[in-house]
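Taken verbatim from Swiss-Prot:
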type     : residues    : note
DISULFID : CYS30-CYS45 : disulfide bond
DISULFID : CYS67-CYS97 : disulfide bond
Amino acid sequence: SLYAPSALVLTIGQGDSASAGIQRAVTLSCMPTPSGTHPDARDACAQLRQADGKFDELTATKAGTYCTKEWNPVTVTATGVWEGQRVNYSHTFGNPCMAKAAKSTVFSF
């Protein structure tokens, strides 16, 4: 193969675990070209490359963001393969506002 595979299933669910009720799911493939059902596959792949596949960097909160402290958890997951490496990632945000305040748009769908 000329390139390492990068194919992921991304989900957003209501609840505080990866097994939370999934509300939305998309596919994202970044090699050989960005594709899948993600609404902005090109940008999502570019952000993943820039973060070197480190999903924790993608879920960090933008500076200057203000959200209420309500506990209404939203969990995002990424499973599949990134540049040939197996991925099984999940992150729980305190509420939908915190999820929307993430630096990256990888989980914006």
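Quick reminder: no glycine exception, Cβ is built from N, Cα and C everywhere.
Once Cβ contacts within 10 Å are tallied over all protein chains shown, the disulfide-bonded residues CYS30, CYS45, CYS67 are led by CYS30. Under the three-state DSSP scheme, CYS97 (disulfide bond) falls in the helix class. Contacts of CYS97 (disulfide bond) defined by a Cβ separation under 8 A and a same-chain sequence distance of 6+ are given as CYS67, THR68, in order along the sequence.
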